[in-house]
Every structure is written in C-alpha cells, then in structure tokens.
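Asker: Here's a structure for you.
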Amino acid sequence: MIETRGLRKSFRSRAGRETKTVEAVRGVDLDVPAGEIFGFLGPNGAGKTTTLRMLATLIEPDGGQATIAGADLLKDPGEVRRRIGYVAQGGSTWDESTGREELVLQARMYGIGKAEAHRRAARALEAFQLAEFADRKCKTYSGGQRRRVEIALGIIHEPKIVFLDEPTTGLDPQSRAHMWDEIRRLRADGMTVFITTHYLDEADALCDRIAIMDHGELVAEGTPTDLKREISGDVVQVGLDVTATGEAEKLLDGEEYVNRLELLDEGGLRLFVDEGATAIPRILRRIDAAGLDLKSIELHRPSLDDVFLTKTGRSLRES
Amino acid sequence: MKLARDTWLIFQRQLHLLLRNPVWVFVGVFQPVMYLLLFAPLLKPALGAPTQAEAYKIFVPGLLVLLAIFGGLFQGFGLIAELRAGVIERSRVTPVSRLALLLGRSLRDVVSLMTQAVIITLLALLFDLRVFIGDLLLAYLMLALIALMTSAVSYGVALKVKSEDALAPLMNTVAQPVLLLSGILLPLAFAPGWLQGVAKWNPFSWAVDGTRALFNGDIGNDRVWQGLTIIAILAAAGVYWAARQFARSVR
Ligand SMILES: Nc1ncnc2c1ncn2[C@@H]1O[C@H](COP(=O)(O)OP(=O)(O)O)[C@@H](O)[C@H]1O
Ligand SMILES: [Mg+2]
C-alpha cells in the first residue's frame, strides 16, 4: 500500500547569521501492507511528521521515491492526494466554522457534489458521535470532539489510506480510549491507517506493526510482539533477604538458562532469561532445595521501551 | 470548469465567515463613512474648490483607491491565522486548485471592497457628487483590480513570512510611500516637480489619476487607460506569484 525507498529531507534554518542544516529524515525505506494499523514510533523531533508530510504531498522530498496506493508520489502527486487522507498533528479546523460546515467544505474540496457532500457530512457526524454538536462552532468543542471532527475530515472522501499524525496527543485517557476505538473501526472498514505516536502503550496496543524512528532513521520494524521477543528475552525478579542474596547468586550464576544476573540493593536478584515461563520453575526448585526464604518472584516481559533502549542506547521515556 | 468551481467554493466559504462576524461588517462600512463626513468638509477650503461637489470629485476617488489598497494589503493577517489553525495545510492535501485557494479569498476581498465603494458613492451623491454611470463602472473596475492585486500580494507575503510580527512592519513599510507618493489624499498637482517625478514610478499614482479623471467625466484622458493597463498587469502578476506560494508553502 505504501512503499518508500531512500526518502530524505533536510531543512535549512537560520539562527542569527548562521544557517544550520537539520537532516530531518535521512533515507527511509518502508513497506506498509494494506489493511493494517501501521505505527511510527519515535521521540519528538525524530522526523515522523516530516515523513508524513512528504507522503501527503505537502513537502517535496530531497531524494528517494515512494508509491502510495499505487500512485507515484513524485510523478503524480495529484493522484496521491485523491487516494489518501491526512490529519495533521496540530489540528485543522477553524474556530468560527461548525463541524458540519467543515465536513461539507472538505468533501467539496475533493470534488464531491453539494448534495452528496451534505449526505456524507451527516453520515460522518453520526459515525463519530458528533451529531449533537454538528452545528456548533468548532471553538466550543472539547479536545476529543475536535480531534474526532478532524479525523472525520481526513476520511470524508473514503481514501484507501489515512495518515494520522499523533491522533491522541493531548487527549485525556477516556478520549484516548475512544479514539483508539475509532481508529480500529477505520481498519475494520478496510482502510490502511498510518499513525505516528510517541506513546509506547499506544504503539503496543493499537498497532499491527510499527517502525521505530530516531534522528531521521528507522531503527527497527516489525510487529510489537516480534520486536519485543527479538531483544533481551524476559526478566525474572527474585525477592530475597539481603543475607540470602549472596548464596542465591552463587546457586544461579552458573545455570545455563541465565544469560545475565544483577544484584538488587534492597536484596534479591534480577535474572535475564530467554523464556520466563520455563525459567521460573527451575529457579524456584534451586532456591527451594537450598532452603532459602523466598519473598517474591515477578516476571517482566520486555517493553517497547526496552526495544528502543537496545536500538538507540536511550530510553524513549527520557527523550 | 474545476478552477471556477473551486474558486466559487472558497469564495462562498470566506464570504460566509466574513458575514458571520458582524463586527467586521460594521467596521468596514463605518470607517469610510467617517472619512467622508469628518474629513471631506475640510477639503473645500483646503483645495480651494469652488463647491463642495467639486471637492468630493477629487476626494472620493482618492478615498476609494486608499480603501482598495489598504483593504487588500492587510488581508494577509487573516491568512496567517488560517495557516496557524492548519486550515491551509488541510486544503493543500486535497486536490483543490491552488489558484482557487488564492482567488476565492481575493475575490471575497474585492467584493467586500466594492460594497464599501458603493456605500461611499451613494453617500457622496447625497452631497451633490455627480458621475456618469459608465465612468463609475470603469472606476470600479480599477478599484477591483487594485484590491485583487494588493490582497493577492498580501496573501503571498503572508505565506512566505508566516508570522504577524513580520507581516505588520513589512506591509506598513510598503504602504506608507505608496500612499504618500500617489496623491491619494491631496492631488500631486500641488507637489513640487521632483516629487511628481518620483511619483511617476508609483503605479498607484497612475491609478489615482485615472480614477479621478473618470469621476470628472473625462473618460478620454490617457491616464484612464494607462492606469487600468498598469494595474491589470500588476494584478495578474500578483495573482500568479501568490498562487505559486499556495502551491509550495511549507508549513
Ligand atoms: N519546516 C521546518 N523547518 C525547519 N526545521 C524543521 C521543519 N520541520 C521540521 N523541522 C525539524 O526537523 C526535525 C524533525 O521534525 P518532525 O518531523 O516534526 O519530528 P517529529 O514529528 O518526529 O516530532 C526536527 O529537528 C525539526 O525541528
Ligand atoms: Mg510530529
């Protein structure tokens, strides 16, 4: 559905006398199959928006190429525009317009006739549960309502692909959950959804596949499960008295299923293993046989943050 | 035709939003009326005009050109607000004509200017101004072209600078010499030779002369066709340039 090769973009910005070049996107290769929710995960400034703006024909790439829904981005941007929807990160509605007016205008800008534009607007307002505010000015909407109008604007012409740039940023938890449902509904309707996010849980829970972006480059790509499995394995945390910790370390350090071992200051051990489910019974048996007093045992699955940490050396939470 | 349809679409939207805000409608009418009522009476003695009607013949065309220039030049501010709200970017991902994004807006500005012009003309008629309808319509064409040009240029510059802070001083810097060197407020006939020489390079000075000739019933005056031609060419160039900004603007 989307295929890009070597997509690049740099910006020149002037700070006083100096001109600095920011390489916002440095060669992105992507293959997004149809019918998926594809997530672009990365910290602020990673180049997510710039990539999306290139794919949505808003800025010209410095290099590389892309095919989107069968249309060539560079040779036929007009056709790309007809086939995609794009919802910008910073909003796109006008304070003084009503939701319905915006939807009708948007449909008309896609060349849809007046009567049909009104029908589609009414249908979209219904589907996004906006009917009751349809004729109120956008400035009176809550953040979540306004975001829903914007998503509805992005898909009013029934595109094959919709790009959503940080659709849930700034929303409260409830609106966020609501938005996830809307996005899943788009997929159920057969649309390919391309979202960007800097939320780990969102990438994990919502996306079928993700690409992790950092400093303008993709550092990893795959399903959330595969990406997590690919790294470090699981972590088993064993809670023990400080006095028993040294003995337990001696017991477990040599075990062939333990890849690495760390001591905890408050007593106990952290064991890095491939497969937590099989390691835990063996760990328990050793500790039991030695007569040590076990206080707790916990299994930690690696998170996408661990993936990010492994690939970039930084935690996404900190950046 | 797609261009005409898209232009109409954008025009309707912009006009609708303008009319929704009664403050603007009020200011747009109130301001010129104040000029007419409070400033014009000073002119008869100042210009040494024989009658009030003669003074209006000189002042009203100047006032209308002034409104056309300023009405257009400051439209860019509204566009920057739209840019910030993301409305322009949202339009630019659709296949809507880029020229229509400009023309629809500029035509709205032309229409709102023409409304002001008609109100002022009607009021001036009450003060014994007399002008032939044919001459008047040509004068209105001149005004429409001026407003089209200045609003297009203002939109183009707004897309380039993207901030009110940069647009305001820029537009003021342009507007001031244009205003002083066009003989808008007082005819340049009073000016010393060197000033008249400089003013020849100001296209608006030609437009003002032409419009005054029309209000004077002097349709055969060379300044009429010269003014119209100069302004028409500049308007076309302004529209072309500004539409290109709509096609390529980044963020
Ligand atoms: N129009 C622009 N002019 C200059 N620099 C830009 C522009 N747009 C983005 N950048 C820079 O490019 C980098 C990537 O930005 P962006 O794509 O917005 O990242 P993200 O969406 O991942 O937060 C940032 O360093 C940003 O400052
Ligand atoms: Mg972004």
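Glycine is treated like the rest: Cβ placed from N, Cα and C.
Straight out of TrEMBL:
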- B:21-43: transmembrane segment (TRANSMEM)
- B:23-249: domain 'ABC transmembrane type-2' (DOMAIN)
- B:63-85: transmembrane segment (TRANSMEM)
- B:106-127: transmembrane segment (TRANSMEM)
- B:139-158: transmembrane segment (TRANSMEM)
- B:178-195: transmembrane segment (TRANSMEM)
- B:224-243: transmembrane segment (TRANSMEM)
Asker: Does the chain bring the transmembrane segment (B:178-195) near the transmembrane segment (B:63-85), so that three or more CB pairs sit under 8 Å (pairs 6 or more apart in sequence)?
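Answerer: Output yes: the transmembrane segment (B:178-195) sits against the transmembrane segment (B:63-85).
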Asker: If you count every Cβ pair below 8 Å, which range out of B:63-85, B:106-127, B:139-158, B:224-243 shares the most with the transmembrane segment (B:21-43)?
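Answerer: Result: B:106-127.
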Asker: Out of B:63-85, B:106-127, B:139-158, which stretch has the largest tally of CB pairs under 8 angstroms to the transmembrane segment (B:224-243)?
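Answerer: Result: B:139-158.
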Asker: Where else in the chain does the transmembrane segment (B:139-158) make close Cβ contacts, counting only residues six or more beyond its ends and a cut-off under 8 Å?
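Answerer: The answer is 61, 64-65, 68-77, 79-80, 83, 102, 105-107, 109-110, 113-114, 117, 131, 167, 170-171, 204, 207, 210-211, 214-215, 227-228, 231-232, 234-235, 238-239, 241-246.
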Asker: Looking only at residues six or more beyond either end of the transmembrane segment (B:63-85), which have a C-beta under 8 A from one in the stretch?
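Answerer: Non-local partners: 32, 35-36, 105-106, 109, 112-113, 116-117, 120-121, 139, 142-144, 146-155, 157-159, 162-164, 167-168, 171, 174-175, 178-179, 182, 184-185, 204, 207-208, 211, 249.
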